[in-house]
Amino acid sequence: MSPTDPLDPLDRALILATQGGLPLVSRPYEGLAAQLGIDAAQVQARLARMLETGLIRRIGAVPNHYALGYAANGMTVWDVDDARIDALGEQVGALPFVTHCYHRPRHRPDWPYNLFAMVHAHDRAEVLRHADRIADLLGDALQGWDVLFSSKILKKTGLRLKD
Amino acid sequence: MAERQARAELSELDRRIINAMQGGFPLTDTPYRDVAAGLGISEDALLVRLRELLETRVLTRFGPMYQIERMGGKFVLAAMAVPEARFDAVAEQVNALPEVAHNYRREHRFNMWFVLATETPEGIDAAVARIEADTGLPVYPFPKLREYFVEMKLSA
């Protein structure tokens, strides 16, 4: 993670104006510009800069994975030897069916797992086959694992800055 | 929550739109027209389909994905073990916080998993304290120690 600069007021205003989504109109940047009292070219330049610095990961649509037929969403969690987790985490993250992969803290004794890999698939059997492949990859660095299937999306709004 | 669980009936065009719109939206004067041209449809047709996909919650959102860590903020995954009898009420309490960006029910003793997104790192602690006070249940935070991979695109 690179060091962060304090958020520029105009960038912040732009985030506030777009965190609910981009306007679905022919000239969306012009609409935002009018709202912020600047011109469309400035909005475009600001967004381009935020993409460059990584403040914006991407501009696009977020699908509800259930609606796309990805009925099984398994959070696979692994208790992996701490000394080897970085090398193995990179390899697990590179597997084509893993959509997110993180090293996170354990909460012993309730939670021994330190590697989290999200797997989206069409059914649970497919998730479990993918998990077997992760287990093989982790080999003797693996002390235990589990798969937590999601059964409901309770909320999915994304980031909301306060006004 | 009106979140649909069922697989949506999607036309071939809807699938192409969803696949094309998951990233790389252009920073041009008429970006929808430009994406539509790539798909061989009119701008109006694209806007109509996008509105419909958002309304029916096939798409949960369309716009920039902000990486809050780059602006001094924090994203933290957190879990709770919620008694089944109180699950819906607790979900309502948790979801009421604007800091909760998403929330999933999972089949485990830890049956509620949500992501807190706040503009400052201190905001996370405040949100955790608030949820613990509101619900009387412990919150287990799982801040990321290292990110190995993130790629949220799913092909439709």
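Cβ coordinates come from backbone N, Cα and C, glycine included.
Record features (TrEMBL):
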type	residues	note
DOMAIN	B:14-58	domain 'Siroheme decarboxylase NirL-like HTH'
DOMAIN	B:76-147	domain 'Siroheme decarboxylase AsnC-like ligand binding'
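Remark: secondary structure over the domain 'Siroheme decarboxylase AsnC-like ligand binding' (B:76-147) totals 27 helix, 25 strand, 20 coil, with classes taken from DSSP. The average pLDDT for the domain 'Siroheme decarboxylase AsnC-like ligand binding' (B:76-147) in the predicted structure is 96.
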